[in-house]
Amino acid sequence: MNWFRKWASSEFKPDAIKTYKTRPSLPISVFIPATYSAKSSTAALPTLFTIHGGGFTIGDPADDNKWNRTFANTHDVLVIALNYSKAPIHPYPAAIYDIEALILAILADDSLPIEKSKCAIAGFSAGGNLSLAVCQLEGVKNGFKKHGSDGFRAVIPVYPGLDRTITRDFKATQRYYKPSLSPNRNTAKDFLLPLGKTFDWSYIPIGQNLRDPLLSPIFAPRNALPPHMFFIACELDLSCHDAWRMSSRMAGRPEPSMDQKCGREEPGKEGELELVDERFAWEVKKEGVRWLLIPDVVHGFDRMPPSMLGDATTVQDAEVKNTKVIKEIGEWLETRVWPE
């Protein structure tokens, strides 16, 4: 991912990069909010763990530096970017147990100002899948209990793929295509199709049960997951239907049929989220579940360098929406998940 690091500015670099004996080849990154002074404060901080994407085969925590730094400074939250070994050398389920081992080591690290009763985990793309998988592990839950905590209070999967029993070719029919949008949002084919098949071949062992909830978290029972869940998907992404169905199932809402498309056929307003249209946003507070479909953006819109994302209109739209999504996540954590 060297192309990404050349684009990303050093102003977003982490405050520390740490390794642990349990996984010495998998460094993690720590982002301390700008308002926090380790010298003058002993206060623990609400903490968001994040997991980067890359189809389970590429990438590392540095790919998310800009997002992690922005979130930490915007919401005064400690952000810890996790790491994991990659397929095909390390296929499923290696990444899940790498993340588990790192979380347990981090929880035992007294040098980090983690408020263990206020922890959440987010993941992007493949990381979204992994975030829902690792939350199910009894080892992670018991690790929190050793520190007097009930575990992760929330999980935030962002444009995740959640159901391996359905082919990517079929998933590509479950989203709208909008030729009137600006490049590269106006393509007639989902760009994840060719890449995704390679990622799947690399990650999933032959003969693997595709309904395993650690591989396909859509099959996980609600009581195996954190009390609060915020599913975020991209409208122009073949993975969007997975997140829509799982969020509906977890919330006790009617589950969309397999032939229902996410979102709408016509384009929306540039730079705007749709927070009052139930096709794009809803929340079931009693079940602790929220859904947000980001209109007119592709998978990874908040991670791609401008040269790959599209023209100036597409880039501007992505930047504005990303800022708004970060705001929505932070405010949801503050008001729903971590209230005083």
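Cβ from N, Cα, C; glycine included.
Because the structure is a prediction, the values reported are computed rather than measured.
Listed in TrEMBL:
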type: COMPBIAS; residues: 256-270; note: compositional bias 'Basic and acidic residues'
type: DOMAIN; residues: 49-251; note: domain 'Alpha/beta hydrolase fold-3'
type: REGION; residues: 250-270; note: region 'Disordered'
Checklist line | Residues in the compositional bias 'Basic and acidic residues' (256-270) grouped by DSSP into helix, strand and remaining coil | finding: 0 helix, 1 strand, 14 coil
Next item on the list: Please give the average pLDDT for the domain 'Alpha/beta hydrolase fold-3' (49-251) in this predicted model.
Entry: 98
